[in-house]
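Working notes for the structure below.
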Amino acid sequence: MSNSKSNIVCLGSIMCDLMCYAPRLPKPGESLPGCSVVPGNGGKGANSAVAAARLGGNVSLIGKIGNDNIAQGILNSLKQMNINSEYVYQTSQETTGTAVIIVEKNGENRIIVASGANLLLTMEEVTQAENTIKNCKVFVCNFESNMEAAKMGLKIAHEHGVKTIVNAAPAVPNPDVEFYTLSTIFCVNETEALFNLQAEITTGMTAPETSYEEMVAALLKRGCKNVIVTRGENSILLATENNPNCVLISAPKVTAVDTTGAGDAFVGGLAYYIANHENLTLNEQIRRAAFYASDSVQRPGTQSSYAMKNELPSQLFD
């Protein structure tokens, strides 16, 4: 499917998810009976694209998958959602990326990723999508595919004045400075932000607000224009180069069933609102994207948990 007029372009990973639901994580050496195993489609790039498309965005996806049975299912799914897959390349050198996800009873997850074909996306392949990128309103990339390819897409978007969202996930130590300087919005969760800045992370750590202020200030110092830090069920932090003091944007309180893909739902939702509701303030665009992400955690699965536009309150689209 070709569509040079997509208003959102997502570059990133495309995965097969293998979801295993269990009452808790097993201890070392323990075999723990699970509740169910459910296959699905995932990957940060594809997830954000699906979220934006389900909200009503006109979306193109750039990425790489294997030449296998799993890949065909993914392509069929993208077609059903009217996502332009012209720049989803296939290779016989690697299999389609796979994520093994354990979801506990409380909805929290643990994920192991085998990137596979995602790492073989080339800069040349991204360049082939230049016309689509330069004509979109929002370009989104993440750190779950070939980083050089992601940076190439970011450069193309920036050169043509396209707004860019860098979702710095999963956490990567010392990413290239251009991921900061070429981003319109640099989006991380609190753990990724700390890792990104090479800070020491303690399991279960919750930083006080002063630590968040310092963390966001450090990201702005690296050249970010707007920094968003998501904090799960807690308020989202926003700081900008013009207003470096953290602004708290509330996220709805819900009972989580499965938090897998919630961050990607937020990023895809944010891309949708920036591209399609330009009259809204950034704070309001973030608030609505947070509502969408919070809605997704109340259902199991990754992409399957993302609501369609007609399933959501009409006020989200005023």
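Using N, Cα and C of the backbone, Cβ positions are placed for all residues, glycine too.
Since the structure is predicted, the reported quantities are computational estimates derived from the model, not experimental observations.
As annotated by TrEMBL, active site, proton acceptor applies to Asp264. Per TrEMBL, substrate binding site is recorded for Met15, Cys16, Asp17, Gly43, Lys44, Gly45, Ala46, Asn47, Glu144, Asp264. Residues or ranges marked as ATP binding site by TrEMBL: Asn189, Gly263, Asp264. Sequence annotations record features per position, and here TrEMBL assigns K(+) binding site to Asp258, Thr260, Ser296, Arg299, Gly301, Ser305. Annotation comment: TrEMBL describes 6-305 as domain 'Carbohydrate kinase PfkB'.
Known features from TrEMBL, placed on the structure.
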residue: Met15; record: substrate binding site; DSSP class: strand
residue: Ala46; record: substrate binding site; DSSP class: helix
residue: Glu144; record: substrate binding site; DSSP class: coil
residue: Asn189; record: ATP binding site; DSSP class: strand
residue: Thr260; record: K(+) binding site; DSSP class: coil
residue: Ser296; record: K(+) binding site; DSSP class: helix
residue: Gly301; record: K(+) binding site; DSSP class: coil
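In this structure, the C-alpha atom of Asp17 (substrate binding site) lies 9 angstrom from that of Gly301 (K(+) binding site). Looking only at Cα atoms, Met15 (substrate binding site) sits nearest to Thr260 among the binding-site residues Asp258, Thr260, Gly263, Ser296, Arg299.
Surrounding the centroid of the Cβ atoms of Met15, Cys16, Asp17, Gly43, Lys44, Gly45, Ala46, Asn47, Glu144, Asp264, where the record places substrate, the chain contributes additional residues within 8 Å, namely Gly12, Ser13, Ile14, Asn41, Gly42, Gly97, Ala99, Gly261, Thr302. Annotation for Arg299 (K(+) binding site): spatial neighbours Val257, Asp258, Ser305, criterion Cβ-Cβ under 8 Å with sequence separation of six or more. In this view, Gly301 (K(+) binding site) is surrounded by 21 other Cβ atoms within 10 Å of its Cβ, with every protein chain counted. What surrounds the K(+) site, by Cβ distance within 8 Å of the Cβ centroid and not counting Asp258, Thr260, Ser296, Arg299, Gly301, Ser305, is the set Val257, Thr259, Gly261, Ala262, Val297, Gln298, Pro300, Thr302, Ser304, Tyr306 from the same chain. In the predicted model, the domain 'Carbohydrate kinase PfkB' (6-305) shows an average pLDDT of 93. When Cβ neighbours within 10 Å are tallied across all protein chains shown, the highest count among the recorded positions Asp17, Glu144, Asp264 belongs to Asp264.
Of Asn189, Thr260, Gly263, Asp264, Gly301, all annotated as recorded positions, the residue with the shortest Cα distance to Lys44 (substrate binding site) is Asp264. Neighbouring residues of the recorded ATP site, listed in sequence order and excluding Asn189, Gly263, Asp264, comprise Lys44, Asn167, Ala169, Cys187, Thr230, Gly261, Ala262, Ala265, Phe266, Val267, Ala293 (Cβ within 8 Å of the Cβ centroid). In this structure the alpha carbons, written CA, of Gly263 (ATP binding site) and Ser296 (K(+) binding site) are 10 Å apart.
Spanning the listed substrate site, residues Met15, Cys16, Asp17, Gly43, Lys44, Gly45, Ala46, Asn47, Glu144, Asp264 have a farthest Cα to Cα distance of 15 Å.
Of all the recorded positions in the record (Ala46, Glu144, Asp264, Ser296), the one with the smallest CA separation from Asn189 (ATP binding site) is Asp264.
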